[in-house]
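Q: Okay, here's the structure, questions in a sec.
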């Protein structure tokens with residue numbers, strides 16, 4: 001297990017955009033982890049800021065321990081733990097509450113881990129890697145229970161089915177989208193694209209796979225008919241992140257054209273499926289696969305950004321609710337806690353932050 005340097009973040013409120021509060025600066029570039037941070041005794045009362053709205057030990061918690069860029073992060077469905085992974089090939093498991101201890105390290109990938117997902121009940125954790133494989137882990141024991149081999153290049157994305165038999169879809173630089181049943185050795189279906197696939201997800205009923213890649217298009221593949229059903233066009237650059245809303249009607253996409261879009265993926269939706277466009281976050285020369293996510297109730301969305309800020313928008317008004325500073329590198333993924341108003345961010349600065357949002 002790697003030795004982690006766990007520190008609490010500064011005990012200041014996260015600052016919503018356009019609200020008059022004192023400026024929040026968390027470990028700006030060059031200041032190093034923990035620079036100027038105040039340590040509080042466990043259970044200490046906070047003297048300033050708005051009332052607390054979560055069960056975190058402090059309004060902002062810093063999780064450090066990764067030895068390279070952190071590409072992905074996810075809360076366990078029960079909300080008590082989280083997983084993170086990235087360039088150092090390790091998957092770190094953390095407690096959400098208390099001191100946010102890094103209580104386990106999952107080793108097995110020989111390349112960077114590009115994406116992580118828990119299945120619906122949280123019993124399994126899926127990881128996609130540049131070692132051309134997807135690993136399936138028992139989230140209780142930390143044991144790797146399956147290794148899915150078949151891609152011939154980097155696996156950029158994976159997503160487990162929400163219900164039914166444990167299926168998982170994957171997307172790779174080899175241009176294919178694959179469907180796997182983890183009870184079987186090889187992929188059970190393969191869809192060929194002309195270009196690299198950067199992001200995949202299932203629709204709500206898991207009879208379609210949705211993929212995005214460097215051809216700028218979002219494709220919907222029908223598993224029963226084994227063919228491309230329709231294509232959603234609108235992005236002007238590579239699609240790097242996809243996320244299905246909790247009720248399954250809308251798809252969120254993040255792309256290198258510096259827009260985040262919401263698409264209506266219901267079966268009989270109008271032909272023009274793009275229903276919202278959000279702006280503010282940016283991609284840059286690093287070309288990281290910046291992901292995106294929905295809040296559990298669908299009222300907010302969040303996206304990774306190369307300008308070192310976490311962006312959170314109101315889904316209806318499209319207004320930026322929060323532009324959160326703190327990281328010293330590209331923010332690659334942002335995740336919402338399943339039960340509490342907590343947001344988690346993973347960054348190329350090797351760190352994660354957890355913070356309360358009102």
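Count begins at 1; order follows the chain as displayed.
Quick reminder: no glycine exception, Cβ is built from N, Cα and C everywhere.
Here's the feature list from Swiss-Prot:
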CROSSLNK  18  SUMO2 cross-link
CROSSLNK  271  SUMO2 cross-link
MOD_RES   21  asymmetric dimethylarginine
REPEAT    65-104  repeat 'WD 1'
REPEAT    108-147  repeat 'WD 2'
REPEAT    150-190  repeat 'WD 3'
REPEAT    192-231  repeat 'WD 4'
REPEAT    234-273  repeat 'WD 5'
REPEAT    284-323  repeat 'WD 6'
REPEAT    326-358  repeat 'WD 7'
Q: With DSSP helix as H/G/I and strand as E/B, how many residues of the repeat 'WD 7' (326-358) fall in helix, strand and coil?
A: 0 helix, 18 strand, 15 coil
Q: I'd like the Cβ neighbour count for residue 271 (SUMO2 cross-link), meaning other Cβ atoms within 10 Å of its Cβ, all protein chains included.
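A: By my count, 6.
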Q: What same-chain residues lie close to the repeat 'WD 4' (192-231): Cβ under 8 Å, and 6 or more beyond its ends?
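A: Residues 153, 156-159, 161-164, 167, 169-177, 179, 237-244, 247-249, 251, 253, 255, 257, 263, 265, 289, 291 contact the repeat 'WD 4' (192-231) from elsewhere in the chain.
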Q: Kindly report the helix/strand/coil residue split of the repeat 'WD 4' (192-231) according to DSSP, in that order.
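A: Helix/strand/coil tally for the repeat 'WD 4' (192-231): 0 helix, 23 strand, 17 coil.
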Q: Sequence-remote contacts (6 or more beyond its ends) of the repeat 'WD 1' (65-104), Cβ cut-off under 8 Å?
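A: Distal contacts: 1-6, 8, 42, 55-57, 110-118, 120-122, 125, 127, 129, 137, 139, 142, 288-289, 291, 329-330, 332-333, 335-340, 342, 344-352, 354.
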